[in-house]
Amino acid sequence: MDPIASWSVLVVDDDPGVRQSLRLCLAADGARVLGVGSARGALEALEHGHFDVVLLDLWLGSDSGLEALPDIVRRQPDAAIIVITAFATFETAVEAMKRGAVDYLPKPFTPEQVRHAVARALESVRLKRRLAEAEVRLELAGADDDFFETESPSASAILKLASRAAKTNAPILLRGESGTGKNVMARWIWTRSQRAGGPFISVNCPSLSKELMNSTLFGHRKGAFTGAISDARGKVQEAEGGTLFLDEVGDLSPEAQVRLLRFLNDQTYERVGESKERRADVRIVAATNRDLETEVQTGRFREDLLFRLNVVTLTLPPMRERREDVPGLTRYYLERAKIRLHRPELAFSDAAVRALRAHPWPGNLREIRNAVERAVILSPGPRIEPEDLGIPEPSDTAEGRSPDTEVALGADVSLEALEREHIARVIARAPTLENAARTLGIDATTLQRKRKRYGLT
Ligand SMILES: Nc1ncnc2c1ncn2[C@@H]1O[C@H](COP(=O)(O)OP(=O)(O)OP(=O)(O)O)[C@@H](O)[C@H]1O
């Protein structure tokens, strides 16, 4: 968003005359200006609208603008705050800066001084937003998450559908096994939607505590529960104008499901401990690798919520159904990892190419990426061999057989080799080591020890 093209200012001053003159001065320059006379009015205005600049009087009758400053910053961290006061002292100016103001305007001021200060503040807002955008882009580039070329009919059908759905405001449900790229797809959809200029807020539902789930999502009022020391906005409000991604939506508590259903129906919600109805313009994208129909049958997931989320469903195919994409993906991950890890000389050996093709990749894209990165780190010479990838080499005698029969239960392998292989595969598939430890049924320290013992990265 370009703050200069369409910008808005909140004027917080208890003197109606000052509000009026600032409004006239800035409106003449093309700003949308809202004037309020108290700190409370300011906080309310910031709840409902978005402002590029806040002109804040430090003496607001019985209120103190200085005390309200941190709350204002919290509500809109990317707005530039200029404090104004008739009682300008150096100390208050410093204090205001410490609490998040970008500039200081002593009363009385001329329209020229106001314009000058606001223009500078807008420049700082613009810069801050550019930096934030660049950080997101860097993060995406560094994450190696933009391989959307495909030769597989099933994946290309999903991409087409996703691209069409992105342009609408309909909720989207992403389904697919772990590691098939649901998180990455959610961002891809956001960047192609009309909401790309707004925020992308991601919530991993299983990581939310049951007690704080509603407040994290919908916010709470001060005093709503022990520990609620101040009002808090939730993820829904943070996502205003953008997209809220609910990962593993099947983990939502029954009460959070009711709240989400209402929000999907009419875009309204209430904060925990508050009866005021709020509205937010947010697109919901949800993901699950569970069978939600079964969850409905067992009473863990609301059927009406599933219907509401299910308007557009995209099921991301597992790697075994898009084997034609393995060569392209492995080349892609290799090229990126070579640059990032400073090993430009590396290439796959013929045996590695065969092993990559033959491996079933049950952990999907995540497993492929982990295997290739592991190899780029571990490979001692310029050729990457199957053992660097941590996958078995398909032997001639094994041709036609599933490549992992070599480590199958009951084959001619030691228990140790079996354990090593199993741990390596679970780690490759799991999003985190904690996750891998949970799958293996051991604690993180034991996993750490075993990784060291078997030389697994
Ligand atoms: N389009 C893509 N291009 C390149 N890499 C991808 C792509 N999609 C996914 N990946 C890789 O696979 C990894 C897993 O992707 P992602 O987290 O989106 O999967 P998921 O289906 O959400 O998994 P889970 O259900 O376990 O959360 C990513 O970190 C990334 O490395």
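For all residues, glycine too, the Cβ spot is worked out from N, Cα and C.
Please treat TrEMBL annotations as automatic predictions, because they have not gone through curation.
What TrEMBL records for 8-122 is domain 'Response regulatory'. Here the domain 'Response regulatory' (8-122) has a mean pLDDT of 88 out of 100.
Summarising the annotation, TrEMBL assigns domain 'Sigma-54 factor interaction' to 148-377.
Every protein chain considered, the tally of other Cβ atoms within 10 Å of the Cβ of ASP57 (4-aspartylphosphate) stands at 25. Under the heading 4-aspartylphosphate, TrEMBL lists ASP57.
Annotated region 'Disordered' per TrEMBL: 383-404, in sequence order.
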Tally of residues which DSSP labels helix, strand or coil - the domain 'Response regulatory' (8-122): 54 helix, 29 strand, 32 coil
